[in-house]
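The structure under discussion appears below in the form of structure tokens.
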Amino acid sequence: MARSALINVMVQTAMKAGRSLSRDFGEVQNLQVSLKGPGDYVSQADRKAEEIIYNELSRARPGYSFLMEEGGSVEGDDPQHRWIVDPLDGTTNFLHGIPVFAISIALERQGQLVAGVIYNPAMDELYTAERGGGAFLNDRRLRVAARSKLSDAVIGTGIPHLGRGHHGNALLDLRNVMGETAGIRRLGSAALDLAYVAAGRMDGFWEDTLAPWDMAAGIVMVREAGGFVTDRDGGGKIFETGKVVAGNEAIHRSLLKTLAKQGR
Ligand code: 2AM
Ligand code: CA
Ligand code: CA
Ligand code: CA
């Protein structure tokens, strides 16, 4: 498989940040950790990986803008291009020694998502996608799962810790979807949830209260694997609402319907 120059830059960057995360994963007990909000931890590992990504991408594509989880927005001279970066998606897993975490890098051109790379260094799984060029896991072309019935489907979700007593809506959704599927999975990394949908490992995924950096690369991945990704109303306001629903065409449609049910 021949990778484009753009994907190569993103892959080299993600791998370099991945080596940094792998080193830190080997000695998580020594990392300094702080709390940004309820259940939202950040460690030196997140910050180091983000610095590597920022430096590498700035050098390879001078002037591009950035939106990063830890560093926020950086306006470049080139307002047409923006990197959307989560240096460590799944920090809670990482800090607990659970090898389910990833680096997520996406590129927006004139407001359109055009490329995504998601890398889980602990499993050495590299997901790449470029608009119009398909999605890949390492060298293998990806395709969303073919299951069409929600009752056969394994569906991923996430339940953010928003503080005591603030889980009501997520629990109602969970109850509505759970009864209609073959199983629910909760990986703890939205980027990997979307990558798994692209790979056909999970049939669908939904989550509320996500940020652009959690989803950007995953959205490209699922679409390039033939899947559908929208907000909860079936529209394109995913970043604006922070709500995402993904799957193949049939599962995506069924999920939207189930999530719209009474009691929510
Ligand atoms: P993070 O590890 O980069 O913070 C898990 O469901 C997803 O939600 C992950 O992508 C995780 O990203 C994100 N997340 C973790 N804590 C969160 C919180 N308190 N609010 C919203 N999202 C959160
Ligand atoms: Ca975080
Ligand atoms: Ca994240
Ligand atoms: Ca993060």
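Even glycines carry a Cβ here, placed using N, Cα and C.
Quick look at what TrEMBL lists:
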BINDING   Glu69, Asp86, Leu88, Asp89, Asp214  Mg(2+) binding site
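Asp214 (Mg(2+) binding site) falls within a helical segment according to DSSP. Long-range Cβ neighbours of Asp214 (Mg(2+) binding site) (same chain, at least 6 residues apart, Cβ-Cβ under 8 Å): Asp86, Asp89, Ser104, Ala190, Ala191. The most crowded of the binding-site residues listed here (Asp86, Asp89) is Asp86, judged by how many other CB atoms sit within 10 Å of its own CB. Neighbour density for Glu69 (Mg(2+) binding site): within 10 A of its CB lie 22 other CB atoms from the protein chains shown.
In this structure, Asp86 (Mg(2+) binding site) is part of a beta strand by DSSP.
Long-range Cβ neighbours of Leu88 (Mg(2+) binding site) (same chain, at least 6 residues apart, Cβ-Cβ under 8 Å): Leu21, Ser43, Ala45, Asp46, Ala49, Glu50, Phe94, Phe101, Ala102, Ile103. Close to ligand 3, meaning a Cβ under 6 Å from one of its atoms, are these of the binding-site residues Asp86, Leu88, Asp89, Asp214: Asp86, Asp89, Asp214.
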